[in-house]
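The structure appears below as structure tokens.
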Amino acid sequence: MTRAGLSPLAWLADIEQRRRAEGLRRELRVRPPVAAELDLASNDYLGLSQHPDVLDGGVEALRTWGGGAGGSRLVTGNTELHEAFEHQLASFLGAESALVFSSGYTANLGALVALSGPGSLIVSDALSHASLVDACRLSRARVVVSPHRDVDAVDAALAARTEERAVVVTESVFSADGDLAPLRDLHAVCRRHGALLLVDEAHGLGVRGTRGQGLLHEVGLAGAPDIVMTTTLSKALGSQGGAVLGPEAVRAHLIDTARSFIFDTGLAPAAVGAASAALRVLDAEPQRARAVLDRAAELATIAGVTEAPVSAVVSVILGDPEIAVGAAAACLDRGVRVGCFRPPTVPAGTSRLRLAARASLTDDEMALARQVLTDVLATARA
């Protein structure tokens with residue numbers, strides 16, 4: 001059969017139609033600068049993205065250093081601002097060093113690929129974020145996917161390995177369900193088998209611990225020489241970017257070998273300045289971390305979720321993707337924006353509303369959330 005005259009992209013129409021039929025079509029929605037609706041969808045957990053100090057920090061960096069870094073940090077993109085922020089972040093999180101990337105995604109790619117490679121083993125939690133999954137695929141290491149939060153399975157995989165090096169990968173706070181990794185137990189297993197533990201604190205920073213220093217700090221593992229932390233600047237810190245924290249030797253290795261660092265333009269100065277200012281606010285106002293969990297507990301009660309949340313995330317399982325999409329749309333029609341997670345982001349049959357608590361939610365906003373969520377969820381569950 002000749003293929004002459006056929007569009008090489010004709011197959012996209014069939015794929016799009018199939019996704020639409022399965023309720024998995026995604027659309028971009030434009031957000032105004034000041035949203036008219038109540039936001040229970042964003043990851044701005046501490047409410048800092050619009051904080052005056054954070055805005056001033058971004059503007060000052062913009063005026064001082066310009067709109068962009070101008071190149072890779074190995075060429076022209078490394079400024080005093082970047083390095084000062086890395087010291088600030090490492091000090092706050094109890095790490096020896098930090099290296100800033102252009103996003104949390106590239107931080108995970110850079111760290112895991114550079115710290116594994118052919119002839120090594122990666123043991124990754126089944127619910128690890130897509131950036132960690134992609135890093136596993138790019139690493140050329142042997143990858144074992146362990147059942148969610150199953151320490152015994154991790155132990156068995158490490159005990160059976162023939163590779164000299166091994167990395168165990170987990171999120172501290174899992175992004176879809178908001179549950180916590182058993183970090184102390186995982187670390188004990190890693191120590192017993194001589195494995196590195198890599199922990200993504202994207203959803204732990206700013207929320208867990210009495211001062212918002214993350215789950216590693218909370219459980220007494222911050223700064224451990226056999227742990228590498230990754231995190232993002234785009235959630236609790238209300239900015240953009242990512243970072244890898246750990247021993248100084250890790251930082252030096254990443255500068256030499258992490259392709260998502262070497263071949264990427266440095267993080268924009270405005271994002272660095274905003275993140276630095278946000279970190280200062282969090283350091284001065286640690287009560288914001290507790291406020292997030294308090295508001296999450298209220299949202300869980302409103303949504304009929306019986307298990308008390310341990311993070312900013314309240315996951316409301318509805319099952320069918322069309323029901324979840326319809327519920328999210330109904331909430332938005334009544335002035336409340338919520339997250340909607342469907343496959344492949346979550347497993348089939350677990351489509352859900354994802355509610356994200358913020359420290360800055362007011363009593364009036366919580367009253368609106370109660371009114372809307374109670375009505376919409378009653379209909380969705382009927």
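Including glycine, each Cβ sits where the backbone N, Cα and C put it.
Sequence-distant neighbours of ARG26 (substrate binding site) (same chain, 6+ apart, CB under 8 A from its CB) do not exist here. Per Swiss-Prot, substrate binding site is recorded for ARG26, HIS129, THR345.
Per Swiss-Prot, pyridoxal 5'-phosphate binding site is recorded for GLY104, TYR105, SER175, ASP200, GLU201, ALA202, HIS203, THR232, LEU233, SER234, LYS235. In the three-state DSSP scheme, LYS235 (pyridoxal 5'-phosphate binding site) falls into the coil class. Long-range Cβ proximity for LYS235 (pyridoxal 5'-phosphate binding site), meaning a same-chain Cβ under 8 A and a gap of 6 or more residues, is found for ASN43, ASP44, TYR45, ALA202, HIS203, LEU205, GLY206.
Per Swiss-Prot, N6-(pyridoxal phosphate)lysine is recorded for LYS235.
In sequence order, SER131, ASP200, ALA202, THR230, THR231, THR232, LEU233, SER234, GLY241, GLY242 constitute the residues six or more apart from GLY104 (pyridoxal 5'-phosphate binding site) in its chain with CB-CB distances below 8 Å. With every protein chain in view, the residue among the binding-site residues HIS129, HIS203 whose Cβ has the most Cβ partners within 10 Å turns out to be HIS203. Within the group of binding-site residues (SER175, THR345), the Cβ with the highest number of other Cβ atoms inside 10 Å belongs to SER175. Of all residue pairs in ARG26, HIS129, THR345, the annotated binders of substrate, the farthest apart have Cα atoms separated by 19 Å. If you draw a 10 Å sphere around the CB of GLU201 (pyridoxal 5'-phosphate binding site), it holds 28 other CB atoms from the protein chains shown.
There are 29 other Cβ atoms within 10 Å of the Cβ belonging to LEU233 (pyridoxal 5'-phosphate binding site).
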